[in-house]
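Enquirer: Pasting a structure below so you can have a look.
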Amino acid sequence: MTEKLDGKQFTVLVIMNTLGASIIFIPSIATNYGKENGWITLIFSTILGVFIILLYNQIIKKLNGKEFFSTIDILFGKWLGAIIIMLLTCYIFINTFANLWAISDFISLQILMGTPFEVISLIIALTVLIAIRYGIEVIGRTAQLFFPFTMLCALLLTLLVIKDADFSNITPIFQLNKSATIVGTLPIVSVTFLELVILLAITDNVNNIQSARKGFLVGGFTSGLILLVITLACITVLGVQGTANYAYPIYALGQRISIFDFVERVEIIVAFIWFFTIFIKLCVSFYVFTNGISHLLKLKNYKTLSVPLALFIFLASILSVPNTFASFAFINGAYIVLSVTAGLILPLIILGVLLIKKRVF
Amino acid sequence: MKRFRVWLLCSSLCLLLTGCWSAQELTDITLAKALAIDKDGEDYKVTIQVLNPGEIAGDQLSTRATISTYSASGRSIFEAIRKLTKSSPRKVHLSHLQLVVYGEETAKEGIGKTLDFLIRDHEVRTDFTIAIAKGLSGDALISILTPLEKIPADKVRSSVESSEDFWAPTKEVKLDELIESISSNGKEAILTGVYLVGSPDEGTKMENTEYSDSPAQIYLDDIGVFRGDKLQGWLNEKESKGFNYITDNVTNTIGWVDCNDGGTISVEVFQSNTNMQGSVVNGEPSIKIDIKIKANIGDVECSLDLSKPKTIQDVQKKLEQKTINIAEASISAAQEYRSDIFGFGNAIRRSNPKKWEQIKDNWNTIYPDLNVDVQAQVEIKKSGMITQPIYEKIERKTEKEE
Amino acid sequence: MPNIIIFWVISALLSYMEIKRLNKRKGMKDKIIFIIMMCLFITLISLHYLDIKLPYIIDMIEFVTKPISEPLGKWLKNFQQPS
C-alpha cells in the first residue's frame, strides 16, 4: 500500500520546508546585504523562487507520478544514475544535519541554557526517527495539523510589534546599495527555494499530479510572502543595524512584544514557529535521505536504515561546525555552491534528459 | 512483558520531562533590578541593585532596606558581574534588569565597549531603560532608597516613562535604539539624565523613605548629548523639550506664553506631529522641520476675551513663535556640541541618497553650519470646563474693593 | 564517561527493537546492512565521546567546494555591509 498525500498537505509541506530554518536567519542575511532594502531582496528572491518552482513543476509533470529516484536510474543508467542520486542524497544529508544543528544550537543558546547541545540534538533526532517510521502520510497530516498554529504565531508576532514599526527605517527605498540588494538574493534563494528540490522525491506520494504542481507554486509563493513580511517587520522595528547585529533577529523581535506592559516576554511564540516548521522540514528531509540511501543500497524498506541514519545525523550535527561564526561563512559561501548544484544544475540536467528521452516513457 | 515495556517507556519519558536540568531556585539567585557602570581607572566598576524579596512581598515587613547594592570591578563588564559573587551571597540573575545607569564621568570617556555584553548575554533582556547619572557616579545613584515605589529601579523607570508621556523634556532610550544611533552615521545618541537632590549618604538609609519629603530625591531631567559613544554635554530643560518636538516624541506636555498684561496663558499639548524633510538646495543640504501642534487651553492667568477669534489667533501665533524658539535653541545647542542627535543626516540620506553618499564623510563639518528651517502650527481646540477666564472677574472685584 | 554509557544504553535499546522487527521478516541483506551501519555509527559516536577529535563536516565540505566557494565568498564579501 503506498502512502498518499493530498494537495493541501503537500502545499503545507512546501511552506514548512521553505520557512523551516530560514525564517530565523533570513532577516539578518537580507539586511546584511541590502541594508534598508533587505525586504526588496526578499521580493527578488520570491520571484526567482517562483521560477525555480516552475522548473521543478516541469519535472513533476514529466515524471507523471513515477518514483523520483528510480526514474533517475532508468534515465541515466546504473552508474551515472547512482552518482546523481548520491549527489542529491549528500545535499539532503547536509541539509538535514545543518537543520538539526541549527535548531539544537538555538535551543541550547536561547531557551534551555545549560542543557548540553548533544542532549537536545539527540532528543530531536529520535523524535524525527519516530515520525518518519510512521511514514510520509503521517508527517503530512501532522504538518497540516500544526500549520494553523504556526501561521497564528507568525501573524501574532507581526501584529503585536506593528505599533513599534518605524517606516523611516526602510527609506530611501531602493536608492542605495542596489547591486548588494540584488546579490543578496543568492544566499537567500539557496537557503530557501533551492532546498525545495528535496520535495521532488515525495511528489510520487501526492495523489494528484495537478494538485501537487499547484500546491508547489502556491506554497512557494506564500512562504516567500511570509518571509517578506517578517523581514519587513524586523527592519522597521529593530532597525537596520539591529536586524543585522542579532544572530536570531526574529527572536529579538519577539522580545519587543509588549502590550500595555502586561503581555510581555512572549518571545517563545517565535520559537513555536521555528519548532514546528523545522521539525516538519527535518522529518521530510530525513525521510527522503533514508529513502535515497535505501535506494542506493537496493533495500526494499527505508525503515531498516532509519535507526543507524538517525544516529548518523545526530553525529553529524555534533560535528557539523566548530562554532556559530563558521556557520555564517558557510551560508555565504560553500552552501550556495551546494544548493545551486543540487537545486538548480541537477534538476536542469534531469529535465533536459527527460525531454530528450520522452519516448522511453 | 508488554506491561514492563510500557512501564520502561513511561519512566524514561519522565526523565526527560522533569525540566530541572539547570534549575535555579529562587533561594539560590538574587534578582538584579538596576545596574550601574562606572570607570575605575582602567577597570569597570559594576554595581547592582538587588531585591530583598522578604521586604517586598513578605508577610511581616521589617525595617530593613528593600534593596541592597553590591559592587565589583573587573577589566570587562562580564568579568565584573561574575566577580559580584564574591560579595553577593547568591548568583546574580540579570533577566529582570530594569535600569542601566552610567556615571557621568564614564559616559564622557565612552560607553561603546560596555554595550556588547548587554546585547550579547542571553540572560539580559534588552527592554531596560538606560540613563546617565548626572553629576555623580552611577553606583551612588542606584544606592538611593525611594519612597512610594519600594524598588528604586522601578521608580526611576516609571518616572522616565511618565515624564516622557506627560512632560516631554525626557526620553526613554532602550538598548536597541542606543546601539542603532551609536553605530550608524547620520544620527547620534542621546540618553536621559537622572540626578540627585540632597546628600547621597542620606539617601542610602532607610530613613530616607520615612520622611514625607525625602532628604534625598531622584530627579529626572535634561538630555545628554553624545557624539559617537562619548557624552558631550547636556541639553537643558527647554532644549530637551525642543529635541522631543523635533524628533516627534511629544505625546502630551504643557506650554505657556505671556499675555499682553503680564499674566500667562498655559495650554496642554495633546497632539504633536513633526515632519522632518531633508533637501539639497544648490548643492547645499538643508532641513525643513514642520511642527503641527493641537492644544487645549489649560490655565488662563490674565484677562483675555477668549470669545473673540482674534484672541485665540494671537495666542496661537505666540505659541507658534515660542515652539520655534524652543526648537531652534535645541538645534543650536546640539550644533555647538557638533552632534547630530536629531538624525538630520538620516533625513538627507532619505531624501537625497546620492548627495548623502558624497557628503557623509564630511558630515561632522557640515552639520554645525547646517541650515535648518523650523515652522510651527498651533491649533487650539478646547477651552476646558469654563470659557471665560476666572481671573478677570476676580481682578474686577479686587479693583472695586480698593 | 556517563555520557557514553547513556548513549550505549539508548543505542542498544534501539538496536534491540529494530532487530526484533527485522527478525520477523525474511531477508538477510537488510539485517547485514543494518548491523554494519549500526556498528559504524556507534563506533564513530563513541570515538567522539572518548574525546577523539573527528574532523568537522563543514571543513570537509569547504575543502571539496573550495575552488568555487572561495572566490564566491570573497565576491559576496564585497556586498556585505560593514556595520
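These residue numbers are counts, starting from 1, taken along the chain as shown.
Glycine is treated like the rest: Cβ placed from N, Cα and C.
From TrEMBL, for reference:
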- A:12-33: transmembrane segment (TRANSMEM)
- A:39-56: transmembrane segment (TRANSMEM)
- A:68-94: transmembrane segment (TRANSMEM)
- A:106-132: transmembrane segment (TRANSMEM)
- A:144-162: transmembrane segment (TRANSMEM)
- A:182-203: transmembrane segment (TRANSMEM)
- A:215-240: transmembrane segment (TRANSMEM)
- A:268-290: transmembrane segment (TRANSMEM)
- A:302-321: transmembrane segment (TRANSMEM)
- A:333-356: transmembrane segment (TRANSMEM)
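Let's see these features in context: how buried, what's close, how far.
Expert: Outside the transmembrane segment (A:182-203) by six or more residues, the chain places 5, 10, 13-14, 17-18, 21-22, 25-26, 29-30, 32-34, 38, 41-42, 44-45, 48-49, 52-53, 56, 59-60, 63, 65, 68-69, 88, 91-92, 95, 136, 209, 212, 216, 220, 223-224, 227, 284-285, 287-288, 291-292, 331-332, 335-336, 338-340, 342-344, 346-347 with a CB less than 8 A from a CB of the stretch.
Counting only same-chain residues 6+ beyond the ends of the transmembrane segment (A:268-290), those with a CB under 8 A from a CB of the stretch are 13, 16-17, 19-21, 23-24, 89, 92-93, 95-96, 99-100, 102-103, 106-107, 110-111, 124, 127-129, 131-132, 136, 139, 142-143, 146-147, 149-150, 153-154, 156-157, 198-199, 201-202, 250-251, 253-254, 302-303, 305-306, 309-310, 313.
Within its own chain, the transmembrane segment (A:302-321) is flanked in space by residues 93, 96-98, 100-101, 104, 117-118, 121-122, 125-126, 128-129, 132-133, 286-287, 289-291, 293-294, 327, 330, which lie at least six positions past its ends and keep a Cβ under 8 Å from the stretch.
Long-range neighbours of the transmembrane segment (A:333-356) within the same chain, counting only residues 6 or more positions beyond its ends whose Cβ lies under 8 Å from a Cβ of the stretch, are 52, 55-56, 58-59, 62-63, 72, 75-76, 84, 87-88, 90-92, 94, 98, 186-187, 189-191, 193-197, 200.
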Enquirer: Give me the stretch from A:106-132, A:144-162, A:215-240 with the greatest number of Cβ pairs under 8 Å to the transmembrane segment (A:39-56).
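Expert: Per the Cβ under 8 Å count, A:215-240.
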Enquirer: So which residues does the transmembrane segment (A:144-162) touch in its own chain, when a touch means Cβ under 8 Å and the partner is 6 or more beyond its ends?
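Expert: For the transmembrane segment (A:144-162), the far contacts come to 8-9, 12, 15-16, 19, 226, 229-230, 233, 237, 250, 253-254, 256-257, 259, 263, 266, 269-270, 272-273, 276-277, 280.
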